[in-house]
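Per TrEMBL, these features apply:
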- 1-80: domain 'GST N-terminal' (DOMAIN)
- 85-197: domain 'GST C-terminal' (DOMAIN)
Ligand SMILES: N[C@@H](CCC(=O)N[C@@H](CS)C(=O)NCC(=O)O)C(=O)O
């Protein structure tokens, strides 16, 4: 299994983390985003969006971190990571939606504006990110994990950019439940970190 990867990308880290938790061997193939390798003709054959992460599992190519988490959970993870029952599956999907909206366009974007000097409205991203954190905080006041009694891919999808929020100048001091949830994820057997975590 190969992951087209970038070390500082939280979206790529989601996949490295999930593979580690599942005990899967995954070779990392570095893609240099600063040189624009993700827009090369060869890479666009893998992902027409021109983004990492992309997974190649023995010729099955899947792009987008959310889709890759679903693929890995279904193929190698089992029911606990992605349940099939209607309500339980919908609960996971709710948090995947949050990960691709408030977390990606809020917290992750604030981080790239600060860390990589990317253009964007920092204050607006921080405000959106905080709205997402408030939703997480209220859920985690009533449960240890986002979508059920144990960890699911919802937790893996939300975790990286929430834990990295201080790199976008969004402090986690006001979100004690979120901080405890971060500690619970970091205590999972097989957990691996990334730069900044
Ligand atoms: N929704 C996508 C977002 C992927 C994404 O934004 N990837 C970034 C790195 S974190 C990227 O490749 N950026 C380079 C570009 O867009 O040119 C996912 O979850 O995989």
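Using the three backbone atoms N, Cα and C, a Cβ is placed for every residue, glycine included.
Curation does not apply to TrEMBL; its annotations are automatic.
Keep in mind it's a predicted model, so treat the numbers as computed, not measured.
DSSP labels the residues of the domain 'GST C-terminal' (85-197) in these numbers: 76 helix, 0 strand, 37 coil. The domain 'GST N-terminal' (1-80): residue composition by secondary structure is 38 helix, 16 strand, 26 coil, according to DSSP. Model confidence over the domain 'GST C-terminal' (85-197) stands at 97, taken as the mean pLDDT rounded to a whole number.
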